[in-house]
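*Asks:* Encoded as structure tokens, here's the structure I'll be asking about.
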Amino acid sequence: MQDPLKPLSRTKASLKHPAFSALCSKGMVSLYVLNTRCSPGEIAIRVFRACTELGIRTVAVYSEQDTGQMHRQKADEAYLIGRGLPPVAAYLHIPDIIKVAKENNVDAIHPGYGFLSERADFAQACTDAGVRFVGPPPEIVRKMGDKVEARTIAIRAGVPVVPGTDAPIASLQEAQEFANTYGFPIIFKAAYGGGGRGMRVVREYEELEENYQRAYSEALAAFGNGALFVEKFIEKPRHIEVQILGDKYGNVMHLYERDCSIQRRHQKVVEIAPAAQLDPHLRDRLTADSVNLARQVGYENAGTVEFLVDKHGKHYFIEVNSRLQVEHTVTEEITDVDLVHAQLHICEGRSLHELGLKQDKIRINGCAIQCRVTTEDPARGFQPDTGRLEVFRSGEGMGIRLDSASAFQGAIISPHYDSLLVKVIASGKDLPTAAAKMNRALAEFRIRGVKTNIPFLQNVLSNDQFLYGTVDTQFIDENQELFNLKPVQNRAQKLLHYLGHVMVNGPTTPIPVKAKPSPVDPVVPMVPLGDPPAGFREVLLREGPEGFARAVRAHQGLLLMDTTFRDAHQSLLATRVRTHDLKKIAPFVAHNFSNLFSVENWGGATFDVAMRFLYECPWRRLQELRALMPNIPFQMLLRGANAVGYTNYPDNAVFKFCEVAKENGMDIFRVFDSLNYLPNMLLGMEAAGAAGGVVEAAISYTGDVSDPMRQKYSLQYYLELAEELVKAGTHILAIKDMAGLLKPQASRQLVGALRNRFPDMPIHVHTHDTAGAGVAAMLACAEAGADIVDVAVDPMAGMTSQPSMGAIVACTKGTKFNTGISLEKVFDYSEYWEVARGLYAQFDCTATMKSGNADVYENEIPGGQYTNLHFQAHSMGLGNKFKEVKKAYVEANKLLGDLIKVTPSSKIVGDLAQFMVQNSLTRTEVEERADELSFPLSVVEFLQGHVGIPHGGFPEPLRSKVLKSLPRVEGRPGASLPPLNFETLEKQLREAHGDDITPEDVMSAAMYPKVFQEFRDFANTFGPVDCLNTRLFLDGPKIAEEFEVELERGKTLHIKALALGDLNKAGQREVFFELNGQLRSVLVRDTVAMKEMHFHPKALKDVRGQIGAPMPGKVVEVKVKAGQKVEKGQPLCVLSAMKMETVVNSPLAGTVAKVYVTPDSSLEGDDLILEITE
């Protein structure tokens, strides 16, 4: 055994271990530091730094799992211990630790805090080996570590204690007897360790057994001994602890107190020195009792005496921690005493007096706060998170101190230790000043790859009770507003994940054609500064819908609606044009086409495609375009009672949708029904009108009114339908020719008849140019009295899109139908879209369809559907059979009774046509075998009446044969649906996605529940991909490509793609970027490679009976088996992560179908534990 007064030689090395920190003071040569239970190596590095300052060499030890930890690099030497052992077991392996110390001439071992720091047998082993233990002698460690004996000593010293057992309990029965004597609540505490491990509060008898087992198991895992003792639980106390120092000569002093009341699960979260609003007399009693207790046992080195203070100001001794505390930093900041230096000097044998430490000289200077930044998610009950630190940037500056070890980019946060990442210490003249500095520092942190508690800490630091009052141990539980967490945006890193995903796995949106986006970006024509000129929207805002309609009717010349922003790209580019490219050209349109009747930019398929395939919010598109084009009316497509969906909605959902759309800038609602079913149209018209919008009721056109042989949809039919729409109060009457069937002669007849019948009603005509006669037909409509026709900019016109804007403008120039639009500006507009269209080569219909076709007059396929069917036929290898598909479409239409064909009725006809082609069925065969064929669901639901009632009724006997005994809908399909509860829906969305849910989000979820859920999940994973240019969005960057991404005004990312790594064992590739000049990397799962590798299945969130792991960890116990019946709330299994055990309870009653885990299984978050069937 070494002479405790002899300085350590400076030629030896010191050793550090993740559970311990060893260091030597003046005269010491080598120090061995053990790692702590906290962030691997945090205290070790703290001690190493002190050693370096004192000229002492250091030695570290590490487990096999910690080869990448920073404490290895901070020591002069580092050695592996516990080969083949789990990480915790490695650091508890005393023989290995002593062996390394002896073999490497280590003079002293600093135990840090946690693991072996309060183990008397370890302190004795050091002494027996002739290695100094930086801490109290073994006997004092034993006495203070035995909480029962510590209580006895406290009582002898006259220090008040909480009622509790005199010795560790040996059984559950003893705990029951104590509870019977003192009543509930009681608390179990680990007899041989602290830090909240093995600590469980029990408030009811029914909870006793489960909590006893959990506390015992946690204590055993954390300290190697599961012994527990029981105390009466003091409600809502303050947790105050006093820092003490003692030397080898019987001198003991205090360094004042710390307030550690802000806790969760009995673990400290925020510590303050000195305690706020503490009565000076109480402070004197606390410090005096602490010093007396230490003198009672002859305490040496640093230690902490912990107390509970009840609401009456009475204090009760809890325990002595015979080691350095995690929160020792705040004491150092307010007293200017380096506690680690003091520990080392005391270990050498120097007295407090020699160190200049005198009680009357110790003063409190200001205030210090320590926040423990942990990898825990407050939104999920502080569940530990694990993974790789993709980004780490700390907050710094005046008054800020950081103590950390594993906090660096690329560090792996494992489930083996505490979740502490970094300790942040802020100092100021008082508590509010220190809190302000801390808040600022925390706001500067950027931690990506794992969840942290920083948003929660910021809420604590802003809480008035924290700043200006006193807090107790129930502070967190009683202030639930602390959990109203401000979401961390993490936009840059999420975008890198997206780009990496595209680089590894290809586009995230389905690609119908193997083509690459054009490498050329479109150039936006010059736009003048200032506001755009006034347009028709000014009339609408000033005079309302009725006045607007009168102004349109009184206008001299032909008005145009531009479909480029919606129907044109829906018809030609599979609705894939992104807001990014629409926003670029929008200001040009506002400044140069202010005399447009409207811009069609919303509704129809664009609503769901925006979320489903483009991963952007359709409402945000509307809002942003509205801001850029304030002068031109916006127009949308409303599918009557189906709103913007493909199904029936409750009436109040349709009304609410129109209301929210109007609030976000929509002006004109083109209301139609795919069957011209009047009840559905009237509901949509009423909803649009109630919202304050312009109602444009649309007659869906099919057939040929100029052909006397086509009588089902005759001129009289359309006139009678128009009569009903005008009676219902439409502001504008529209003709919706979705297949481009209006020939010039039919145009004159239909428009002329409507004009004669309704001389004061504005007439608006929409068509498609599939046959190539669109321009001629629209000019004929204008001559017959139409006020408005639809066009698209030239590069986005023709074929299945609308007629050419340039052609209409040129043809009407110099006539009474003059549009008032500059042809030169149309050329500029066209130049932008000619290049922009090239960005969407993967979706361009010209990849398979080289021209329009006049056979549309026979098959009557709507423009957008014509394009889609052409794509589908080619993708299925049936390109050469597209002619058969078109013929089948004609036959399918006849089978269904010759329908109006527009979404969704056109899809029904298309589904039946493809069904006939795939099964080689003729019309006759379908009619004959209708009672035995398995028809597409859309066909069956149509025949049931879910879409409405077609003109002329349902086809018989086909309907009866197909439906047999299936139920039929009578009347308007949505009339019987109960109202949608928007408050409940919003509440569900907030529970699922957080509090940033907007009224627009609620409407998206109401229209498309699953699509909205997937869109939000995608956005949470990959961030605002709408900020990326289209080439990057679809194809990702090339290696060495540099580009910019504007997140918002004044915030631009500079990114360079650097490299793509090889496949690792987890099926991932590391993708390297340079972001704003700093190296970043992300791990991306290779979906192709993953199919060939086995991984534990994940629980599907939308499958109610699949129970997933709430956090990464190890399975301690499985409590059920397959076939067993379980009740809601029944424990299913126990997980352990970072030495904290969590019971996974059943969220429902049912039968266990399959168990996917066994004890000792290592799980990641959301790994499937078991399945339950109800």
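Along the chain as shown, residues are numbered 1 onward.
Backbone N, Cα and C atoms are what each Cβ position is placed from, and that goes for glycine too.
What TrEMBL shows for this protein is this:
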type	residues	note
ACT_SITE	Arg323	active site
BINDING	Lys147, Glu231, His266	ATP binding site
BINDING	Asp567, Lys736, His766, His768	Mn(2+) binding site
BINDING	Arg639, Thr903	substrate binding site
DOMAIN	31-481	domain 'Biotin carboxylation'
DOMAIN	151-348	domain 'ATP-grasp'
DOMAIN	558-827	domain 'Pyruvate carboxyltransferase'
DOMAIN	1104-1173	domain 'Lipoyl-binding'
MOD_RES	Lys736	N6-carboxylysine
MOD_RES	Lys1139	N6-biotinyllysine
*Asks:* To test your reading of the ATP site: which residues beyond Lys147, Glu231, His266, same chain only, put their Cβ within 8 Å of the Cβ centroid of those residues?
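*Replies:* Once Lys147, Glu231, His266 are set aside, the remaining close residues are Gly164, Ile187, Phe188, Lys189, Ala190, Met199, Phe229, Ile318, Glu319.
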*Asks:* Using the CB centroid of Asp567, Lys736, His766, His768 as the Mn(2+) site centre, which other residues of the same chain sit with their CB within 8 A?
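*Replies:* In sequence order, the nearby non-listed residues are Thr563, Asp737, Met738, Thr767, Asp790, Gln802, Gly863.
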*Asks:* Hey, which of the recorded positions His266, Arg323, His766, His768 is the loneliest by Cβ count within 10 Å?
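*Replies:* Sparsest of the recorded positions His266, Arg323, His766, His768 by Cβ contacts within 10 Å: His266.
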*Asks:* Measure the Cβ-based neighbour count of Arg639 (substrate binding site), defined as the other Cβ atoms within 10 Å of its Cβ.
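*Replies:* Neighbour count, Cβ to Cβ under the 10 Å cut-off: 25.
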*Asks:* Tell me, if you would, which residue among Glu231, Asp567 (binding-site residues) has the fewest other CB atoms within 10 Å in the structure shown?
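*Replies:* The binding-site residues Glu231, Asp567 were compared, and Glu231 has the fewest Cβ atoms within 10 Å.
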*Asks:* Please spell out the DSSP helix, strand and coil residue counts for the domain 'Lipoyl-binding' (1104-1173).
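*Replies:* For that range the per-state counts are 0 helix, 39 strand, 31 coil.
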*Asks:* Among the binding-site residues listed here (Lys147, Lys736, Thr903), identify the one with the smallest other-Cβ count within 10 Å.
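*Replies:* Candidates: the binding-site residues Lys147, Lys736, Thr903. Fewest Cβ atoms within 10 Å: Thr903.
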*Asks:* Nearest to Arg639 (substrate binding site) in three-dimensional space, by Cα, is which of the recorded positions Lys147, Glu231, Arg323, His768?
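*Replies:* For Arg639 (substrate binding site), the spatially nearest of the recorded positions is His768.
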*Asks:* I'm checking region-level scores; what's the whole-number mean pLDDT for the domain 'Biotin carboxylation' (31-481)?
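*Replies:* Averaged over the domain 'Biotin carboxylation' (31-481), the predicted model reaches a pLDDT of 90.
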*Asks:* To the nearest whole angstrom, what is the C-alpha distance linking His768 (Mn(2+) binding site) and Lys147 (ATP binding site)?
*Replies:* 85
*Asks:* Spatial neighbours of Lys147 (ATP binding site) among the recorded positions Arg323, Asp567, Lys736, His766, Thr903, defined as Cα within 10 A: which are they?
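*Replies:* Cα within 10 Å of Lys147 (ATP binding site): none.
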*Asks:* To the nearest whole angstrom, what is the C-alpha distance linking Asp567 (Mn(2+) binding site) and Arg323 (active site)?
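*Replies:* About 73 Å separates the two Cα atoms.
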*Asks:* Looking at the recorded positions Glu231, His266, Arg323, Lys736, His766, which has the shortest Cα distance to Thr903 (substrate binding site)?
*Replies:* Lys736
*Asks:* Could you tell me the maximum Cα-Cα distance in Å between the residues recorded as binding ATP, namely Lys147, Glu231, His266, rounded to a whole number?
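*Replies:* Site span for ATP, by Cα atoms: 17 Å.
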*Asks:* Could you state the CA-to-CA distance between His766 (Mn(2+) binding site) and His266 (ATP binding site) to the nearest Å?
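*Replies:* So the Cα of His266 (ATP binding site) lies 69 Å away from that of His766 (Mn(2+) binding site).
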